[in-house]
Every structure is written in C-alpha cells, then in structure tokens.
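Here TrEMBL flags 1-24 as signal peptide. Residues or ranges marked as transmembrane segment by TrEMBL: 110-133, 145-166, 172-196, 226-248, 323-340, 347-374, 386-407, 441-459, 471-494.
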Amino acid sequence: MEKWSLMTITVLLALTVRWTVSLGSYSGAGKPPMYGDYEAQRHWQEVTYNLPIRQWYFNTSDNNLLYWGLDYPPLTAYHSFVCAYIAKLINPDWIALHTSRGYESQPHKLFMRTTVFVADLLVYIPAVILYCFSLKETSTKKKVSSALCILLYPGLILIDHGHFQYPLSLGFALWGVLYLSYDWDLLGSVAFCLALNYKQMELYHSLPFFCYLLGKCFKKGLKGKGLVLLTKIAGTVVVSFAVCWLPFCTDMEQIMQVLRRLFPIDRGLFEDKVANIWCSLSVLIKIKNIVSPQTQLKLSFAITFLSLLPTCIKLTVQPSLRGFKFALVSCALSFFLFSFQVHEKSILLVSVPVCLIINEIPFMATWFLLVSTFSMLPLLLKDGLLLAYTVTMLAFLSVCVASFSIFEKTSAEDLQLKPFSLSLKGYVSWVKSFPKIVRSLFLLSVTLMGILSLMSAAVHPPQRLPDLFPVSVSVISCLHFLLFLVYFNVVILWDSKNTRSQKKIS
C-alpha cells in the first residue's frame, strides 16, 4: 500500500511539473510564416481531417508539402485525425482548411497542451511506473526514486510540454521494453511496431530489439522452440505493419510517396546546430561543400553501422535483458552521433533508454541526462524556455543526488567498469584514484554547462561569429557524447553479467 501511495505522489508531482511548463511558450509562437512544431501538429490535424487519406502525403493545391507537410509514419497521421475530430467538436475554426493556418489563441493552446498531457498520462507515464515496479532485486525506495527521476527528466518535459511534441513513440517503445522484461515477446514486438509506425526515428532502437529477440530464438534452438518463436515474432511484425499501413496499400505509388516523405535524403547530412559528429566537424571541415549528398549518405551509413556492430553482435550471441537495455543506449547514441539527417531532439531517443538504467549506474545516467538536455539549449532558448530549463535542470540534479547519492557511486564497480579495470590492473596507475577523477570531471562538466548556458542567454556574440554559443554547445555536447559512447560500449563488451544471465534464457 505504501508503495502505491509513494508512486501516486510521484506521478502527481510529475504531472504538476509538466502542466507548469506547458503554461509557458511553445515552438514558433507568434513567428509567421512557418511558426514552429506547434503549428506543424495543428496543421496535420487540419490536413488529416479535411482531406482524403490518399492526399495526406501528396503535394496538392490543398496540401502544400512545403508548409509542414506530413513526414511521419501513418500512426502519427491517425493520431492527428483523432485530435482533429475532437477539435472540430470544440471549435471548427481550429482545423478549417486553409483559413486555420497559424491559428493561435488561448483556448486552442489549452486544447493542444491537453492532448500532449493526455498522451503522457495514457501511454508514457504508465509505462514508466510499471517498468520501475518490474525491477528485480530492487527495494521499494529505489523503485520510487527511479520513477521520480525518470518522470522529472527535464529534456523530455521541455520538448513535449514546452517546445511541443507527443511522447507516444517513446511511450510505445517503453511498453516494448516492459513486455520483453516479462518474456512477452509478441506483445513487445507489437508495441515496438507501434513506436516505429508513429515515428521513423525509432529505427534508432530497432537493432537492439531485433538482435535481442533473434538471440533468444538462437538460444532456444532454430530447429525447435526457437524456430516457432521466430515464426511467431515475424508474423506479429508483418501483421502489425499491415494493419498500420492498410489504407496506403491501395497502390505502390502511395507507399513510395509515404516512404519518400519519411526519408528525405535531399535535406542533407544535418540541419541546425545538432550535437553530433558531422555538425561538430563542419566547424573545421565543410563536409557538405566537399562531399556529394550521396557520398554523405554512404559515409554516415558505414560509420554508423561499424560503430554499433560490436554491441549488436554481443547482444545476439549473449542475449540478456540487461544487455538489451544497455544496447538500446549504445545503438541509439551511435545513430545520433553518426547517422544521416539528425535533429537536436533525437537525443531523447538515447536519453529514455538511459533513464531505464538510472538505478544501475545513477552517476553516469544523471550526468548523461544533464548533458542531453544541455545539448538542446539553442532550441530551448529559441522557444523562450530559459526559466523552465534552469528550474527543471536544477530540480532533476537535486532529486538524483538525494535519491541515489550519486557522488558516492563513482567507484569502478559502481560504474560497472570493474571487469574492464581488472584488465588494466598493473598497466594503469590511476585506477585507485578513479572515483576522484570521475567526480572532478563531472563537476567541471556541470560548471562548463552552467557558464555556457548563462552566456548563451545573457551575452551577445561577436558580429563576425553570430553562432558562437550554439556551435560551442553542440561541440562540447558532442565531445561528451563520444566519451559516453566509449563508456557504454566498454560496459557492454566487458560485462560478465550478460554471460551469466543469458543462460536463463536458454
């Protein structure tokens, strides 16, 4: 009973923070002609309600794709239609074809914010709570602490309830992880298919799901139970995709047009100041100017594939739930750092899996989640979310310190680096001083992020370097992420726990 009471208080606190943030500004408020992501979501409601399905992804006189044309999979479109149906009942002007473009009013803002709030309450938050309850060998206090820290992660709150987007794809992916933790592989497959059919960026998580399930089938034997399981999973995935895409399967041109909208290669290697390797390298080498778009695509694919290959091989050969969760982090981070056409918000695809392991490595998880939010600072400042950013970052850090005593969890064993450190024993003299070094680096990192945040908000950059602060944020965040990628890969590849736990699967 006490456990449920504490969880209820945790959820109420999380909802209060979300609603408070939602009272502020949103993406593109009062900034015609394109406005921002808030208008994009409203416009998709306008399009899906007023036009037949066959026109949703095509450029027509009623659907100008240059003005926030639909570029997400069918499930996003269906969700927009449902929201539009409700909006029509309240005020038809909100989704009137053509005339509603750029519509802004307090009642409409309340409606749009409420749709995000409801999505959070129905999909994302229940997945978090049930996931934390499912944690084995964990005290009630730790479960509640994990839920509180996950639900107060500032990056997701600021983007969903400040900037404006829906948490459904990440919520469905969380349900997938939850189902797999109970060995409900078919339900897990369905949940991840829903995530992937809501946002194509869930491809960041696709290889860990695939390798984990394939590894389970191998362990059960592909001539017996493993083959049956593989057949069931394959059938589940095919049926799930078929149901989601059924209205677009009338002809091949419909399917190809949707795919062209989902994967717009002509947009280039990156946009804006994203904290990945390509944007950071462009400070020194203008890759876009010296390499053709097709070569950029091939280069990014090759490096991404090579960077995540060791993790995927390890997970397939030694499938374990723990290895699966760490692989979600590592693979998503590889995609973010090296893949094609990455957005600042895509770091959330790494952050949510990191939230899932915050009870195992609280120090490193807290550090990463702070950096991930900081990496989106230029976008958040553009949306007028400086106060919300500052308060939520400080609150999150305080809760993590109080809940997990993170500064006491910096030994090699606490950071899951004991197997790796043993392999270095006798070669590296500073292994014993490792905790002190890590704490010092953390404090230096937080101080640097604080100074850059303050300067970005209060200091005007030199005229000849107008992007000085956004670029600095991106480069510094990218350096952090590269180090985190090395760290997570070391934990995965040197982890002996996976070897032991994967025996349970077989």
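Even glycines carry a Cβ here, placed using N, Cα and C.
Note that TrEMBL annotation is computational and uncurated.
Residues of the same chain lying 6 or more positions beyond the ends of the transmembrane segment (441-459) and with a Cβ under 8 Å from any Cβ of it are 363, 367, 370-371, 374, 377-378, 381, 386, 389-390, 397, 469-470, 472-473, 476, 480. The stretches the transmembrane segment (145-166) and the transmembrane segment (110-133) are in mutual contact, each linked to the other by at least three Cβ pairs under 8 Å (pairs 6 or more apart in sequence). Taking Cβ pairs closer than 8 Å, the signal peptide (1-24) reaches residues 113, 116-117, 120-121, 125, 129, 132-133, 140, 143-144, 147-148, 151-152, 157-158, 160-162, 384-385, 387-388, 392, 395 in its own chain, all 6 or more past its ends. Most Cβ pairs under 8 Å to the transmembrane segment (347-374), among the stretches 172-196, 386-407, 471-494, belong to 386-407.
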